[in-house]
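Here's the structure, in structure tokens; my notes come after.
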Amino acid sequence: MLVTIFTIVLLWGIVVITTLRYKEEISIMTGMVISMTIGMLIGITAGTIVALHLHNDMFLSTFIGMGIGIIVGVVAGIPIHMVAVMDGMVSGAMGGMMGAMLGAMIMPEHGDLTIRLLLLFYSVSLCVLLYLMDYEIGHTRKKLFHNPIIMTIALGFFFYVYRMLGPIL
């Protein structure tokens, strides 16, 4: 579970630091996409994790998931504009609610696979988001991870090692 949380926080931190670093070059629309993507993905992942742990308390897991989604969506939108903050807040709340519902509906024996699939979706989505940010910022130099083959191999290796760590829940 710690590897999952560490991966989520690490990728979120990379996106937020990149946003802070290049906030003048990022348009309001791209900032809205950044905060909405971050809020929704972390909200749905956190809501699912919390609901799988608090399987009997749907109320608490919903509001914890919403709170986490709102906080990360707002933090991702603050460097850009108030519209991005609103987008991040609303999508984080929606993601937290959806994640809590997903976690409550999943049978406990499928919780491990669900979290792994959500982390895969989160990781791939944030890689695409980082590509979008690089395009918006105007970086034209070649980077190692701009090659889709290398990125696929790196993500595949990470998830292979992640699977070898054993069950999450």
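A Cβ is built for glycine as well, from the same backbone N, Cα and C atoms used for every other residue.
Predicted automatically and left uncurated, TrEMBL annotations should be read as such.
What TrEMBL annotates here:
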| type | residues | note |
| --- | --- | --- |
| TRANSMEM | 6-22 | transmembrane segment |
| TRANSMEM | 29-52 | transmembrane segment |
| TRANSMEM | 58-78 | transmembrane segment |
| TRANSMEM | 113-132 | transmembrane segment |
| TRANSMEM | 144-162 | transmembrane segment |
Compare 29-52, 58-78, 144-162 by their Cβ pairs under 8 Å to the transmembrane segment (113-132) and return the stretch that comes out on top.
29-52
Same-chain residue ranges lying at least 6 outside the transmembrane segment (58-78) that approach it to Cβ under 8 Å:
12, 15-16, 19, 31-32, 34-36, 38-40, 42-44, 46-48, 50-51, 84-97, 99-101, 103-104
